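Notes follow once the structure below has been shown.
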Amino acid sequence: MGHGPAVKLGKDNAAGYKAKIGITMFFVYTLTYFIFVLINITKPTLMQIQVLGLNMAVVYGIGLIVFAFVLALVYNHFCTQAENRLNK
Amino acid sequence: MIYAQSPLAIGLFISFVLLVLGLSFYLGRRTTSSDGYYAAGGNVHWFTNGIAFAGDYLSAASFLGICGMIAVSGYDGWMYSVGYLAGWMVALFLVAEPMKRLGKYTFTDALDSKFNSKSIQLMAAVSTLVVSVFYLIPQMVGAGTLVTPLLGLPHYAGVIIVGIVVTIIVATAGMASTTMVQFLKGGMLLIFSTVLVVGVLVRGFSATPENDGKAYHEFITLQATVAADGQLVLGDPSYTVPANWRDSAFAEAGMVKLVKDGIDTIWYLQADGQGGYLLEETLFQVQLADGTRLYNGAPASEGRFFPVGHMKEINMGGETVLQTGAVGPLAYLRTLQDSTIVLWGTKHVRTAEGYYSIYYQKPTPGTQILRPGLRFTVDNATAGEKFNFFSLMLALFCGTAALPHILIRYYTVPSQAAARKSTLVAIAAIGFFYILTLFMGLGAMTSGVINIMDNNMSAPLLALSFGVILFAIISSIAFATVLGTVSGLIVASSGAVAHDLLDNFFGLKMRDKTKVLAGKISAVVVGIIAIYLGIVFEGMNVSFLVGWAFAIAASANLPAILMLLFWKRTTAQGVAASIGVGIVSALGLILLSPDMYVRYGLLPSDAPISFNSPAAISIPLSFLALVVVSLMTKRVEVSEEAVEGASA
């Protein structure tokens, strides 16, 4: 049994571009996530600040989930565009 | 036992299991090749695969464990949701497309794609097995938890039933049936969790929540004074106070045991500020010396052990109310934040009669429930406690993209774009579900449904408070959740044994049909191991157990995957060393952790290390091992054709 994909994949000219944009977005999200963790570790009282009538902990937590989805949509949009442009 | 079996729930449950088995046999008849067994032929639609991803991922840990943890620890339980979802960003941005490009059936294929290295084949297969088995434990524990209230069977029976059903599913059809089961289950989980949350919001809060039409147990408080001879004098003379109440083991724990109508009761003592005491009713379980268990002084069948979870004071818009009526999601959170909720503390007391677990009321402001600190120590935390918290959040972030049963799902779709799009669908579905878990957990916390001895059942019991039909549906879905995730894990494990070890590492060169047969036999063996471990770990919160699986996966697999993709100096020896160091260090730290010492029957304070989550040590060690060994060895890359030729 050999390695490589189970289905035949064509050459992907957009692979380099997609990797670059993926790494950039990964760092953006990682930073946002670890600031959340660091606040909890170093200044947990900050999480009690009221934002929109709720405390920062809830707003930041829900925000992280929504932000993940938005970033994923943006990433997919740019990747699809690049594939359409470069893999004609 | 705090709930009775329902024929409707049992009927629905059995129908669902039979449907899943029928689907499996049907799909199994069409699965004769390795491609079909391990990768569902590689032609699953990206949307189907995305929902199946969600089905795979929203395991017992997410549905049962997180809801249960939120129900008893508030926001700290939801931190697991935030961490689990964040992990998908690593999968989407860094791993999804390269994994699709490099691999065929297992994640070992991807790691080994450029090297054809025996050491990678061996280490990656071992890693797949270790991670899968650790991930299987909480699923099995969850299965046992579910079957007890549904069918009235003991925990071990539930574990055995799930083990047998799943092994049949996997041994008949592999990835094709697993994908369909996961798709159906993932979709149903999202729909009915939404229904449950809408129910919670429409019902709002009540100081006296009803549970399936039954009134909430009213916990009473007694007043007592201390007489000149030191004896406790109660306002209610129907209770008998032991003369030695101050010298008993209960008094050391701040409790007192009273007797009424020949039945023991235990009360939590609080000074009333005027020299007397307020005695608050508790829930307790005692295991007598002869092994008998009593619940609030009587056998379980007498139903004296009540479900709990209520508001002490509801404050809505600045006014104190007895009930709120329907509220929107934001108003729900705001009201809870401004109110006081009764959580439950635990104390253990050993006497000559037996071993007591006592649960007492802890009124807690909503502001504390909706911020970290009830489970994880964050205020005035020691360096060790901060480290433990950071390490857990790191494991959750890094673990997702390293889970074998998630990685193999990238091989079921036809292209890299489909792999990316299915991940996007998964993020949307899983993110939405995790927001629902906050409302389900808080709903359970305040609806009088929690079985304080097993919070894993909080979500199904919340459903029961809306009637037995929703309970039956939610329980069946939860059971399917376990079935689906366990079957995915067993497919990954059987792939590791049959494809990575027997075929590639040992070079047995089996024919296609033999390879599928080997995979099915492996599935049976792994299923038996999972059944055994599911029984051993009974009673632990399933989300906590999954935290361990994530830590091992992140330590063993992620450094190898990322460095292979992004560091050109990576060598085969470096990858193998990284996996080995990751497994040994993560597993070693877990086995020496305070929580494992409790499982050994030892004191947690005797554990040689003080933290439970190993990721912050084992992940850097794994990276370090890869870099050092890679720098010490020479990279020998093998062309794809050569790899094909060598292993064809």
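Every residue, even glycine, has its Cβ placed from backbone N, Cα and C.
TrEMBL labels come from automatic prediction, so no person has curated them.
Distant neighbours of the transmembrane segment (B:6-27): 150-151, 165, 168-169, 172-173, 176-177, 180-181, 468-469, 471-473, 475-476, 479-480, 483; these residues of the same chain sit at least 6 beyond its ends, with a Cβ under 8 Å from one of its Cβ atoms. Residues annotated as transmembrane segment in TrEMBL: B:6-27 (among others).
Annotation comment: TrEMBL describes B:47-72 (among others) as transmembrane segment.
Taking Cβ pairs closer than 8 Å, the transmembrane segment (B:78-99) reaches residues 57, 61-62, 65-66, 69-70, 107, 110, 372, 376, 392-393, 395-401, 406-407, 410, 416, 419-420, 423-424, 426-427, 430-431, 434-435, 437-438, 441, 543, 547, 550, 558, 561-562, 565-566 in its own chain, all 6 or more past its ends. The transmembrane segment annotation in TrEMBL covers B:78-99 (among others).
Sequence-distant contacts of the transmembrane segment (B:120-137), counting only residues of its own chain at least 6 positions beyond either end whose CB sits under 8 Å from a CB of the stretch, comprise 59, 106-108, 111-112, 402-405, 485-486, 489-490, 492-493, 495-497, 500-501, 504-505, 526, 529-530, 533-534, 537, 545-546, 548-549, 552-553, 556-557, 560, 572, 575-576, 579-580, 582-583, 587. Sequence annotations record features per position, and here TrEMBL assigns transmembrane segment to B:120-137 (among others).
Summarising the annotation, TrEMBL assigns transmembrane segment to B:157-176 (among others).
The transmembrane segment annotation in TrEMBL covers B:188-206 (among others).
According to TrEMBL, the transmembrane segment annotation covers B:389-411 (among others). Long-range contacts of the transmembrane segment (B:389-411) within the same chain: residues 38-39, 42, 49, 52-53, 56-57, 79-80, 83-84, 86-88, 90-91, 94-96, 99-100, 103-107, 110, 127-128, 131-132, 135, 175, 179, 376-378, 381, 419, 422, 485, 488-489, 491-493, 495-496, 547, 549-551, 553-554, 556-558, 561, 611-617, 619, each at least 6 residues beyond the stretch ends and with a Cβ under 8 Å from a Cβ of the stretch.
Positions annotated as transmembrane segment by TrEMBL: B:423-444 (among others). Within the same chain, residues 46-47, 49-51, 53-54, 57-58, 62-63, 66-71, 74, 77-78, 81-82, 84-85, 88-89, 91-92, 96, 186, 189-190, 193-194, 196-197, 200-201, 309, 329, 332-333, 336, 369, 450, 458-459, 461-462 sit at least 6 positions outside the transmembrane segment (B:423-444) and bring their C-beta atoms closer than 8 Å to a C-beta of that stretch.
Residues or ranges marked as transmembrane segment by TrEMBL: B:464-497 (among others).
Feature annotation from TrEMBL assigns transmembrane segment to B:517-537 (among others).
The transmembrane segment annotation in TrEMBL covers B:543-567 (among others).
Non-local neighbours of the transmembrane segment (B:613-632) in the same chain are 387-388, 390-392, 394-395, 398-399, 547-548, 550-551, 554-556, 558-560, 563, 567, 569-571, 573-575, 577-582, 585-586, 588-590, 593; each lies 6+ residues outside the stretch with a CB under 8 Å from one of its CB atoms. Among the features that TrEMBL reports, transmembrane segment is placed at B:613-632 (among others).
Counting Cβ pairs closer than 8 Å and at least 6 residues apart in sequence, the transmembrane segment (B:47-72) and the transmembrane segment (B:543-567) reach three or more and so form a contact.
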